[in-house]
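**Student:** My questions will all concern the structure given below.
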Ligand code: SF4
């Protein structure tokens, strides 16, 4: 089988400069917010690139993730893989069990397919609420969003001051997909096995499918929704993103 690294890793013009810029931004953010900054790793490849930088550069940045209770086994397996490879403890935040039980009891296991509102309600309790806890006590956070990922993300900045006063850093904002895989190849970064099964973007199991060659990278997320922005609200508010 041809791996995704073999297919996509390519050092295009400007690669070294983009890597150097991302590392410098991450280092500066870590120095400014030492002990109060967290990388939210969604356990896809961009998150792994950033965790690799944090560990390799020995930066005082916590690494945290959300276990929504609906992740693929391959995604959950990334947590012990990160810990074994880098010798760091990944902070894991889960939804409140009683909220999940109540929601599923009322709307069923497949509620996300019934309406956009129910899908967003599921994202709110499985992702947004735990994310609030993940960010508690932090003055800054780091995410792996890239402009190239979707039309909604094409204006992603390197840095933003959020409404709640937290600083948010996007070191990979200008990276291409080829950059990401070239970095993985260079540093032998562990990555989610789903990427080799044509999952460029990885979310919860019920809401993520593989894509075909040439399809939009986020086509496999909430694929049944027509016209709705493919965002859960962690980074971009869907109603804003679709405007
Ligand atoms: Fe629920 Fe799907 Fe959102 Fe995951 S991505 S929280 S399963 S609606």
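Cβ coordinates come from backbone N, Cα and C, glycine included.
From TrEMBL, here are the annotated features:
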- 37-210: domain 'Phosphoadenosine phosphosulphate reductase' (DOMAIN)
- 122, 123, 204, 207: [4Fe-4S] cluster binding site (BINDING)
- 232: active site, nucleophile (ACT_SITE)
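Provide an account of the burial state, proximal residues and distances for the features listed.
**Tutor:** In sequence order, 232, 233 make up the list of same-chain residues 6 or more apart from residue 123 ([4Fe-4S] cluster binding site) whose Cβ falls under 8 Å from its Cβ.
Classification of residue 232 (active site, nucleophile) by DSSP places it in coil, neither helical nor stranded.
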**Student:** Going by DSSP, is residue 207 ([4Fe-4S] cluster binding site) sitting in a helix, a strand, or coil?
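**Tutor:** Helix, per DSSP.
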**Student:** Just how many other Cβ atoms lie inside 10 Å of the Cβ on residue 232 (active site, nucleophile)?
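**Tutor:** There are 23 such Cβ atoms around residue 232 (active site, nucleophile).
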